[in-house]
Amino acid sequence: MASTLSPSITPQTEEPPVVPVRIQNAADISVIVIYFIVVLAVGLWSMVRSNRGTVGGFFLAGHDMAWWPMGASLFASNIGSNHFVGLAGTGAASGIAIAAVEWNALLMVLVLGWVFLPIYIKAGVLTMPEYLRKRFGGKRLQIYLSVLSLFIMVALQTSSIIFSGAIFIQLALGLNLYLAVFILLAITAFYTVAGGLASVIYTDSVQTFIMLLGSLILMGFAFAEVGGYESFTEKYMNAIPSVVEGDNLTISPKCYTPQPDSFHVFRDPVTGDIPWPGLIFGMTILAIWYWCADQVIVQRCLCGKNMSHVKAACILCGYLKLLPMFLMVMPGMISRILYTDKVACVVPSECEKQCGTAVGCTNYAYPTLVLELMPDGLRGLMLSVMLASLMSSLTSIFNSASTLFTIDLYTKIRKKASERELMIAGRIFGMVLIAVSILWVPLVQVSQNGQLFHYIGSVSSYLGPPLGAVFMLAIFFKRVNEQGAFWGLMVGLVVGLIRLIAEFVYGTGSCVAPSNCPKIICGVHYMYFAIILFFVSIIVILGVSFLTEPIPDVHLYRLCWSLWNNTEERIDLDAEELETQEEAGGALEEDSEQSRGCLKRACCLLCGLQNTGPKLTKEEEAALRQKFSDTSEKPLWRTVMNINAVLLLGVAVFVHAYFA
């Protein structure tokens with residue numbers, strides 16, 4: 001029989017409930033302290049051993065990263081605290097279908113490694129807007145994508161991560177929200193701003209191990225508590241809250257009864273909350289943007305030792321993406337079984353009493369399971385898991401945002417900036433972004449509408465498809481030009497913003513209180529909207545491109561798939577501007593080590609700004625660029641990677657078929 005969690009709050013209070021502090025024993029606190037010591041130690045170690053004194057060293061880890069930390073960082077950058085809270089919450093509300101969104105990444109991470117990355121590496125770029133500049137020429141595409149990417153990082157990615165992490169921290173420690181967020185961001189900022197991408201990737205590797213270990217232990221406790229898998233499937237379908245009436249509302253049984261297709265990933269195309277055509281096609285379109293053209297993800301792969309290491313990292317990440325179903329979604333469903341009245345509450349006043357949120361408490365499924373089920377010590381380990389997922393994602397976002405700002409925006413403002421100036425600008429912007437993220441927390445608090453993961457998916461569906469369309473056509477269709485790409489992005493942005501603004505104005509509603517948004521705007525499921533927006537963008541891009549002049553092949557060598565293996569010299573569309581910047585940068589002299597004061601030398605040592613050796617000659621720079629743009633592989637390792645990719649695809653087909 002499903003048990004319920006008795007609220008420990010006085011019903012008469014008008015304020016949000018004050019949850020008793022759960023982590024206040026020596027065992028839990030010791031585990032958390034050890035976690036922070038280990039993470040900071042790894043961050044300091046990677047700062048000392050890595051080259052942080054150049055743009056390539058700071059932003060791309062010197063192009064010398066092995067496959068296993070790179071693959072772990074790919075996974076950790078994607079799996080944040082918003083996944084633990086969001087996936088578990090949606091699982092508690094509607095079943096396992098949301099896990100198929102994670103499995104969708106298995107295919108796209110292989111497309112990234114085998115199709116998109118060879119082009120990016122051949123192009124010799126640091127950022128995705130930089131690739132668009134090389135591919136199409138001009139500045140407006142690069143600047144637009146940089147600004148939009150920074151907005152998405154702050155408004156969507158960072159906000160959802162901080163919100164979900166704050167839920168857990170408040171429940172566990174009873175800290176003030178802003179104090180908890182400030183402490184986390186301060187520690188995160190230290191090794192992100194000082195250490196660069198190498199520091200981020202190595203700490204991500206440690207945090208991936210902690211995430212997997214802690215969530216595996218919790219999964220074991222959860223299934224043991226519920227009586228095994230068969231008992232789990234039976235009890236979930238009976239997990240109905242005891243309070244289903246109140247507040248003068250007539251609540252439909254479908255709002256509090258588990259869905260009949262809760263244990264199927266493919267659901268009705270019309271009435272399903274995650275319709276199968278939207279899951280297969282809509283989420284694949286979003287995955288093209290996120291996994292193949294998003295700065296946070298692609299930057300991790302651009303730092304690999306060689307192409308084989310890059311592909312191996314993608315394969316490792318693909319296998320790890322099989323786990324969220326079992327480590328997050330199913331534990332969230334078990335939380336509904338064990339604590340039904342809290343997690344599955346449906347009456348607004350009851351939800352306010354249970355978790356302080358009228359729209360529902362499914363986002364509290366995973367934190368509640370951790371705090372109620374885990375013993376002392378292991379509870380501290382699970383808080384460390386949440387901190388690990390939160391901090392690993394934030395470090396990835398902060399480092400990538402610094403890269404975007406420095407390479408794509410700051411160089412437009414300061415065309416004669418030296419390498420040292422670019423390094424300082426990147427670090428300062430990282431701190432600015434952290435400050436903006438803290439200021440964004442109040443907006444995050446008022447945007448906790450419904451299920452967090454659906455919020456992330458819907459906003460992504462309104463902004464991401466045009467970007468995916470541009471990158472896909474840029475690589476596969478050389479006839480596309482700058483005018484087509486720009487106007488395709490503009491039309492896609494306008495259409496997406498109409499839907500996004502309408503949902504902010506009218507609200508997305510809930511099962512109990514549906515939204516009043518006009519059906520013609522909000523009546524289409526966000527996954528279907530992503531498909532429509534994607535093809536609208538493609539039509540505009542191709543239409544405008546065919547009506548305007550094509551780009552000569554001499555500017556496209558090794559920038560699109562049909563000209564990938566061309567060995568002729570490419571003439572960049574912005575070659576003259578780049579030469580001017582290089583001459584200006586080379587003319588600036590750096591101050592010598594001896595001329596600096598003690599304080600300045602200490603700051604330079606912390607931030608990796610110490611001199612790293614004599615300036616390279618033009619011949620040495622050309623040889624280095626040739627090395628970094630090399631995509632060749634040894635035949636043996638190419639075969640091994642291809643076999644593993646086929647095996648991973650087979651596993652993906654099997655899990656989809658088994659849970660269909």
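A Cβ is built for glycine as well, from the same backbone N, Cα and C atoms used for every other residue.
Annotation source Swiss-Prot lists topological domain 'Cytoplasmic' at 1-27 (among others), citing a curator's inference. For the topological domain 'Cytoplasmic' (1-27), the mean pLDDT of the prediction comes to 48.
Annotation source Swiss-Prot lists transmembrane segment at 28-48 (among others), citing sequence analysis.
Here Swiss-Prot flags 49-54 (among others) as topological domain 'Extracellular'.
Residues annotated as transmembrane segment in Swiss-Prot: 55-75 (among others).
Annotated topological domain 'Cytoplasmic' per Swiss-Prot: 76-82 (among others), in sequence order.
Annotation comment: Swiss-Prot describes 127-142 (among others) as topological domain 'Cytoplasmic'. Cβ atoms under 8 Å from those of the topological domain 'Cytoplasmic' (127-142) belong to residues 119-120, 149, 293-295, 298-299, 403-404, 407-408, 412, 470-471, 474, 481-482, 485-486, 489, 551, 555-556, 559-560, 572-574 of the same chain, restricted to positions at least 6 beyond its ends.
Marked as transmembrane segment by Swiss-Prot on the basis of sequence analysis: 143-163 (among others).
Taken from Swiss-Prot, the feature topological domain 'Cytoplasmic' covers 188-208 (among others).
Under the heading transmembrane segment, Swiss-Prot lists 209-229 (among others).
Under the heading topological domain 'Extracellular', Swiss-Prot lists 230-277 (among others).
The transmembrane segment annotation in Swiss-Prot covers 278-298 (among others). Counting same-chain residues at least six beyond the ends of the transmembrane segment (278-298), those with a Cβ under 8 angstroms from any Cβ of the stretch are 74, 77-78, 97, 100-101, 104-105, 107-109, 111-112, 115-117, 120, 127-128, 149, 153, 157, 265-267, 269, 396-397, 400-401, 403-404, 457, 460-461, 464-465, 467-468, 471-472, 525-531, 534.
Within the chain carrying the topological domain 'Cytoplasmic' (299-313), a Cβ under 8 angstroms from the stretch's Cβ atoms is held by residues 59-68, 70-71, 73-74, 77, 112-114, 117-118, 120-121, 125-127, 197-198, 201, 396, 399-400, 403, 630-634, 637-638, 640-641, 644-645, all 6 or more beyond its ends. What Swiss-Prot records for 299-313 (among others) is topological domain 'Cytoplasmic', and it gives a curator's inference as the kind of evidence.
If you look at the transmembrane segment (314-334), the same-chain residues 6 or more away from its ends with a CB under 8 A from one of its CBs are 67-68, 71-72, 74-75, 78-79, 83-84, 87-92, 95-96, 98-99, 102-103, 105-106, 109-110, 112-114, 208, 212, 215-216, 218-219, 222-223, 225-226, 232, 236, 262, 301, 362, 365-366, 369, 641, 644-645, 648, 651-652, 655, 659. Summarising the annotation, Swiss-Prot assigns transmembrane segment to 314-334 (among others).
Annotated topological domain 'Extracellular' per Swiss-Prot: 335-380 (among others), in sequence order.
Residues or ranges marked as transmembrane segment in Swiss-Prot (evidence: sequence analysis): 381-401 (among others).
Per Swiss-Prot, topological domain 'Cytoplasmic' is recorded for 402-423 (among others).
Under 8 Å from some Cβ of the transmembrane segment (381-401) lie the Cβ atoms of residues 23, 28, 31-32, 35, 39, 59, 73, 76-84, 149-150, 153-154, 157-158, 161-162, 164-165, 168-169, 172-173, 184-185, 187-189, 191-193, 196-197, 200, 203-204, 206-208, 210-211, 213-215, 217-218, 295-296, 299-300, 367, 370, 374, 429-430, 433-434, 437, all in the same chain and six or more residues away from its ends. If you look at the topological domain 'Cytoplasmic' (76-82), the same-chain residues 6 or more away from its ends with a CB under 8 A from one of its CBs are 105, 157, 160-161, 163-165, 168, 204-205, 207-208, 211, 296-297, 300, 317, 321, 324, 386, 388-390, 392-394, 396, 452-453, 456.
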